[in-house]
Every structure is written in C-alpha cells, then in structure tokens.
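TrEMBL has this to say about the protein:
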ACT_SITE  Thr263  active site, nucleophile
BINDING   Thr281, Val282, Asn283, Ser333, Ser334  L-glutamate binding site
Amino acid sequence: NMSVTGGLAIGVPGDLRAYEKAYQLFGGGVTWKELFEPTIQLCREGFRISESQGAAIKQTTRVILDDPALRQLFVKNSTTNELYGAGDIMRRPKLARTLEIVANQGADAFYTGELSDKIVKEIQDRGGIITKQDLAQFNVDFQEALSIDINNTYTAYTTHAPTSGPILTFILNILQGFQSDQGNFKTSNPSALFYHRLIEAFKFAYAKRSEIGDPSKINITELIRNLTSKDYADDIRSRIRDNTTFGYQYYGGTWEDRIRTGTAHISVVGLDGDAVALTSTVNQYFGSKVLGPETDIIYNDQMDSFSTPNTINSFGVPASPANFIAPGKRPVSSMAPLVVIEKQSQR
C-alpha cells in the first residue's frame, strides 16, 4: 500500500506550475490574486459538501478515524465520531491562508518560497522523500496540442503522452472510417452496432495504451506515429467484426494497464469563444491520505499511477515497463482532455 497511502505515495505536485504557465500565456483578464479570491472566501466562510464528496468521505471512514489530522478535518462530532456528510457546511481556514500566500506571492511561494519548507516537512514527516530540490526543479511540459480531423467537419485537440490523448485520436480515427456510422455521432440514440464498434475500438486502443510512457524518458515515437495514423487505424478497423468479439489476446495487449480510478475534470467556454479543457487530480479519494497539519493541503498519491515491476494481473499479464518509476518521470494518465472546433465557424 506504500504507493497508495503515506508519504512515499506522494508525487511532486504540478498543478500550480501548470496554472501559472496557462495564466502567463493566455490569462490577464483578471489578476492572479483575483483568481484565488472566491475559493479563499469559501474556505473561510464555509462551503456545502456535495453528494459526491459526502460519499467519498463515507467510503474513507476508517482511514479518517485512524488519522489524527484527517479526524480533525472531517469529523463533525468528536464524541460520536460522526463525519461531515452531504449538505453539511465545512470550513478550512488553514487552507484559506495557504491559498492566500500563493495568491499574493505567486506559484513560487509553493515551489521555492514561503510554503516550500513547510510542504517538504509535511511530506517527509509522513515518510516521504520529496526534497526542496524536487519542488524547485519541477517544470511544465508545455506542448502544442495533438489535433485530428473528424470527417472534414471538425478538428479535435487533445493532449500528448503520457496522457491518453493519443489513444483518443486512435479511437476517433478507427470510428470515422465506418461510413455507415456517421449519423450516430449526431444522435442521442446511436445504434447497437455503433456501440459494438465503439467498444471494439476501445479494446484495440487500450491494448496499445499499455505501451505508453513519458516520451522524455522512453522512446515511443513509432507508437505515437501509429496511434495518430489513419492508415494504421484502417488496418485495425479491418479486424473488427460486426457479429462477434474475441479473447483479450486478439486485441494485442502485451502489458498490464493500470486504471483504478477516475478524476475531476471541467470544460469551460468563454464569452469570446475561448475553450479550456482542464483535468486535475490528487488521484484516489483524498490522495495519499496525508493532510498537511500547517498548510491543510491533502497530498496526492500519484506514485500509484506508475506500474509496479514483478507484478502480474489476473490474466497473467505483466506490468508495463514503459510506465515503471524513474527519476523525473511522469506517470501515464488515463485522462484525455478534449476540445472540438467546428471548421467552418471556428467555434
């Protein structure tokens, strides 16, 4: 469980640096500080716990009750051990102060400034090995989006490896070759055959996903070339049969692909037509279950997104070497943020 719970499960947090980069390149309508003000206000004055958050708290009851810091945050009545639930109002004044520091001083406060010593201490006090150097050296991997033409009508944009953006482009290339299915993209009631073909495309695609890793650490150039190639999609499409399915070996899976949980995502379209697809996560519910006593940050368990050497799944398939842990390496993500633009109107 060391990749799931405790300090060793924590990967170097990257969100703030990414938001800072996006703001520098595309923001400016409001100040950096103004971006944080609504959340700071909610933390101080209180926010209502949603149904999904309430369910997550309930599912994590035993872990919360066994951890002093989590107890202090999530237990509403210390006498009865009643936890906060859906509809309750929660306040997080310590987190408000942490966000206030970032709002006033920028992301540097987190990575090299006032908060960095506290963050490193909170992680190391729980057995983690992240250092100040790890925080200071974290960089944003900014790239132009992958793009794919869809039936000469739309252009879809998604993210590069180690996300599953290339897998999404592969699936779209397979599906758009089924000419008889084109109407199914525009209806709320697709045919059963369309769903069959969709599922089969997913099987082939996710067999290939097990070969993806961080392209800055391993060579996946040929793999990405194939996943974004219409000719390769044509070949895979020819293997899909409309009246049958096959055993898992048929789809080409070589390595185990770890997908355990999902995450949080938001898509926003601005008044001027700007579109943003944003995925953010601490991985599983409440991440590593490590709550910083001073910063009030709930730290991620992102190390669990790497594959574990010398393990096999229930089918006897070994873990993927492409996603083994290495210094400075980013783990594979199952997420594939997507923006679709209509070619004619550019909206």
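Glycine is treated like the rest: Cβ placed from N, Cα and C.
Features per TrEMBL, on structure.
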residue: Thr263; record: active site, nucleophile; Cβ neighbours (10 Å): 13
residue: Thr281; record: L-glutamate binding site; Cβ neighbours (10 Å): 18
residue: Val282; record: L-glutamate binding site; Cβ neighbours (10 Å): 20
residue: Asn283; record: L-glutamate binding site; Cβ neighbours (10 Å): 24
residue: Ser333; record: L-glutamate binding site; Cβ neighbours (10 Å): 21
residue: Ser334; record: L-glutamate binding site; Cβ neighbours (10 Å): 18
Request  = Rounded to the nearest Å, what's the C-alpha distance separating Val282 (L-glutamate binding site) and the residue listed as 'active site, nucleophile'? Just drop the number here, would you?
outcome  = 8
Request  = Measuring Cα to Cα, tell me the gap between Thr281 (L-glutamate binding site) and Thr263 (active site, nucleophile) in whole angstrom.
outcome  = 6
Ask   = How many Å separate the Cα atoms of the residue listed as 'active site, nucleophile' and Asn283 (L-glutamate binding site)?
value = 6
Inquiry  = The record lists Thr281, Val282, Asn283, Ser333, Ser334 as binding L-glutamate. What's the largest Cα to Cα distance among them, in Å, rounded to a whole number?
reply    = 14
